[in-house]
Structure formats: structure tokens, C-alpha cells
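As recorded in Swiss-Prot, the features of this protein are as follows:
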DOMAIN    8-66  domain 'PWWP'
COMPBIAS  92-145  compositional bias 'Basic and acidic residues'
MOD_RES   Ser130  phosphoserine
CROSSLNK  Lys135  SUMO2 cross-link
COMPBIAS  162-182  compositional bias 'Basic and acidic residues'
MOD_RES   Ser167  phosphoserine
CROSSLNK  Lys176  SUMO2 cross-link
CROSSLNK  Lys179  SUMO2 cross-link
CROSSLNK  Lys201  SUMO2 cross-link
CROSSLNK  Lys211  SUMO2 cross-link
REGION    214-217  region 'Interaction with histone H3'
REGION    216-225  region 'Interaction with KDM1B'
CROSSLNK  Lys227  SUMO2 cross-link
CROSSLNK  Lys237  SUMO2 cross-link
CROSSLNK  Lys240  SUMO2 cross-link
CROSSLNK  Lys269  SUMO2 cross-link
BINDING   271-285, Thr362, Lys505  NAD(+) binding site
CROSSLNK  Lys302  SUMO2 cross-link
MOD_RES   Ser540  phosphoserine
Amino acid sequence: MAAVSLRLGDLVWGKLGRYPPWPGKIVNPPKDLKKPRGKKCFFVKFFGTEDHAWIKVEQLKPYHAHKEEMIKINKGKRFQQAVDAVEEFLRRAKGKDQTSSHNSSDDKNRRNSSEERSRPNSGDEKRKLSLSEGKVKKNMGEGKKRVSSGSSERGSKSPLKRAQEQSPRKRGRPPKDEKDLTIPESSTVKGMMAGPMAAFKWQPTASEPVKDADPHFHHFLLSQTEKPAVCYQAITKKLKICEEETGSTSIQAADSTAVNGSITPTDKKIGFLGLGLMGSGIVSNLLKMGHTVTVWNRTAEKCDLFIQEGARLGRTPAEVVSTCDITFACVSDPKAAKDLVLGPSGVLQGIRPGKCYVDMSTVDADTVTELAQVIVSRGGRFLEAPVSGNQQLSNDGMLVILAAGDRGLYEDCSSCFQAMGKTSFFLGEVGNAAKMMLIVNMVQGSFMATIAEGLTLAQVTGQSQQTLLDILNQGQLASIFLDQKCQNILQGNFKPDFYLKYIQKDLRLAIALGDAVNHPTPMAAAANEVYKRAKALDQSDNDMSAVYRAYIH
């Protein structure tokens, strides 16, 4: 295939990872953003998603030449919105060109009329005028506006100077209609975090900093800037403000349902231990976003699917840790987490100075603190990062990540957290994330038990369960969680999205957390008893919504 010449400002179709070709525009990267080594590539701003990425030239195609082809093979609402955004951009550009041409014509007519009125009568003066105009045009070059020489001799400014002031804008200066496609300079980083939950909207102008930007973009800049310390100081200042106001730092990840051009995968080798309901979705998204991943699972057969998708196989946890830079683990409970680290061929045997371990399991604070101590004692770096969500959210890359421990490691995990979740919170020292996660799941588990209790009460009092759900969905309690769990119960579908045995485990640990600080948890304790009854009815491996069966038996 013949090589296609591309340049700054061209509209293109860009292919990123496994995502379909997406319409974008070649733009200038931020000032200090390093270009990846290797093959030639361009910095592309994608329409519709506001994402951006370095794209290899062989993954780019001219927009107009391949428009019909791409529209035929790609479908979906987001894709159509992106194409519509391109067409709107083209219409604005065309309209501006027509307006500019019309204005130029009007100016020319007005100047010609003025020249007719002030034109000298003598032949010598006409020749002087012609020579004078010729000099001006020669100095101004092609495309410059004609200016009357008669007025130039009388005015305070030379024709050339006035013509330069009236000339079109200089190349490189973005037109106002293209402001939403302009890449911010690194100097605008100071204004890039408007708040802990700032959404990623990239609409800079030439004179003001970016506002409401995704703080994950800071990590993208830091990973590729030649002067990360300068950028980091501005970012840290904003983060400190968030910490002072909320007690934590929140980082909003890019919308994982969009084309994640903003996710530049880390060049670090990633390991992942544990391919259960949550771990499987996490690994799948890491691979989709281009990370290099080595997997291990106690049941080796679960690794096969991911090997086919491009993952590497580790024979033991120790081998995975020793061959990877950052190793994540997601297992079921405190005992499994300890066995994984301290057991034969465990994580600890692979830890050397500089190796990083991120435990995503939901465990108690004492367990995670113990694990952190043994990892750090071997020269390793430790981060706890339990996740709030379920299997579907894991598959969709929309988990909420609660992290605590090594702040630098948290920053290093940025692209991984973007791939697997929609939001991440940094909560300070080790143990804080474990406590927060247990509290979150305590609330969720208690709420689920209350939902089941309400549905059964409606049934025994002769009320319609469906009507109860409809009423709840129209009120302040309306949520995806409420609707999904009620639908599970009404349909008798208890396929696990969050195992009942695990929510009961979290309730038990949350109650113990309350006991440790002498804080009463009567609601959680009551809910825990209902889940224990459901487990006795052989519902452990069903979804948490199967707690409903504890009320009807």
C-alpha cells in the first residue's frame, strides 16, 4: 500500500489497540510531552471522546478517503456521535472560510471604490501609483491585501505596516472555532484539577488554562514529561487542597466505555494473581488497554482464556512477582491473602528491592498491615487497593478503587487504575482503605438485606412486589443496585455478581472493626444474622440477593 502523507491539522481515522478506528485530528502535543521511541507517530485528538494518544503512522488513515468504509464497518451510538462531531467541525470550518472570503471581497470592493474616488488624473501620477503598489505587493507577497498608495503618503503608517495589521492570522495560532481541538500547553497544568471529582472535559482556549480536567491526565503528562518535578509540584498542591477538605484524594478516571486514547499503558510489566469474579474482569481490561500482563491462578485452567488474549503464564506467585515490576492480587479473604504472600512459592519469595505489590482483596486492616510490613521488610513497595463493585462493573472497567500506602506506587499504577475503574481514591496510610472498604460493604450488605425484607413483607401482606419496585424506582432510593437486585429476586435469578458468602464475610469484619473501637453496629449485626441463615440454606455461592431466601424459608 502506498504511503500516505500526513501533517499537522489533518483529519484521520486512528486505530488504538483493540478499539475500532476512530475519527480524530492530528494536533500538537503538550510542550514537554515526549514522543515515543521507535516508529513514526502522530499525536491525535479523538472526536466525541475528548481522548488523545500517540498513534503510529501505520495505524492512521485519511478521514475523507476512508469515511464511507469506516461508517459501514463500525456501528454504535458513541461512534456515530464522534462522526457527527467531525461533520460539525467541518461545517464550522467551511462556514468560516465562506465568511472570510465574503468579507475579503467586500473589503476589496470598498478599497477599489475609494481608489476610484482618489485616483490622480495625470499619467505620471498613475505610473507612480502603479509602481508604488507594485513595491507594496512585492514586499507583502502573495495573498496580502492591496492598499492605496495615495493614502499611504498622507497617513502616519506605511501601507506595508497597515497591511500586516490587516493580514490573516499567523500560521500556528488556533482559530476560535477549533478551540476544542487545541492541546493545552504544560503551563496550564496548574489549573487542571478543579476538584476531587473533576470530570475530563478538554475545552481549552488560547488564553486560559484547562478547567475540570481529569487528574489522570496529570499522570499521563508526568510519565512522559522531561521535567516531571515542575508539573508534579502543581499537581501535588491541588491534591493537598483536596486532602485538607475531604481527608482523601480522589482521582476520576476516564470513561472506560469510550475509546480510551487518554490511557497510555505503563511500560512496566504487570503481574496479576487471582482470576475470580473480580480479577477476571480486571485482567481483561488491563489487556485491552495494552498492558503487558502475566497471570497466575490457583486453578490454572482459568488462565487459558487470558493466555489466548495475550497474557503470559506464571507458574507460581513468586515467579510472577520476580518477573514483573508491579504485581496485583485479588483473592477472597484474609486467609487467602496471607497464604498467597507467606505460603510456599508465595509472593514474599519473589520480592526484591524495588518490586511492587498491590493487594486488591477486601480484608481487615490488621491483615493488610501485616502484609505491608513483610513486603517492605524485603525492600518491596506496598499498596492496598480494594475495589468497590461487582462482576459487571469489573467487566465494564467501572470499579471504584480505594487505595492506601505507598503514594508513589499509587501514581505508578495510574494507567492500570484507569483501565479497571472509573474512580480511584487515595486514603493515606496502610489500613485506611481496608477500613473504608468494609464500611462501604457493610452499608451495601445491610441495604440488600433490607430490600429482601421489604419484598417479602409486601408479598405476605398481599402487595405487589413489582409495584413496590416501581415505587422505589421513582423515589429517592432509585439506583442501579436497587433495580438489579430486585429484578434478580423477582425473576428468581441468583447467578453470582457478588457472592453472598463474601458480603457476609465483609459484614463480619465490619462488625469486628466496630468492636475494636467500641462502636455499636446493631444494623450490620442483624443483617449478618440473616446472611448466616442464607448460608445455612446453601446460598453461599449465589448472588448476595439470594439473602431473600432466608426470609421465605
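Going from the start of the chain as shown, residues are counted 1 onward.
For all residues, glycine too, the Cβ spot is worked out from N, Cα and C.
Overlay of Swiss-Prot feature records on the structure.
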residue : record              : Cβ neighbours (10 Å)
Lys269  : SUMO2 cross-link    : 16
Gly271  : NAD(+) binding site : 29
Gly274  : NAD(+) binding site : 26
Leu277  : NAD(+) binding site : 18
Ser280  : NAD(+) binding site : 21
Val283  : NAD(+) binding site : 29
Lys302  : SUMO2 cross-link    : 17
Thr362  : NAD(+) binding site : 29
Ser540  : phosphoserine       : 16
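Here the C-alpha separation of Gly274 (NAD(+) binding site) and Ser540 (phosphoserine) works out to 19 Å.
Taking the Cα of Thr362 (NAD(+) binding site) as the reference point, the closest of the recorded positions Lys269, Lys302, Ser540 is Ser540. Distance from the CA of Lys269 (SUMO2 cross-link) to the CA of Leu277 (NAD(+) binding site) is 23 Å. Per-residue pLDDT, averaged over the region 'Interaction with histone H3' (214-217), rounds to 37. According to DSSP, Ser280 (NAD(+) binding site) sits within a helical segment.
Considering only the recorded positions Ser280, Val283, Lys302, Ser540, Lys269 (SUMO2 cross-link) has Val283 as its nearest partner by CA-CA distance. Neighbours of Lys302 (SUMO2 cross-link) among the recorded positions Gly271, Ser280, Val283, Ser540, defined as a Cα within 10 Å of its Cα, are Ser280. Across the range of the domain 'PWWP' (8-66), the DSSP-based residue counts are 7 helix, 24 strand, 28 coil.
Taking only the Cα positions, the spacing between Ser280 (NAD(+) binding site) and Ser540 (phosphoserine) is 20 angstrom. Rounded to a whole number, the C-alpha distance linking Ser540 (phosphoserine) with Val283 (NAD(+) binding site) is 25 angstrom.
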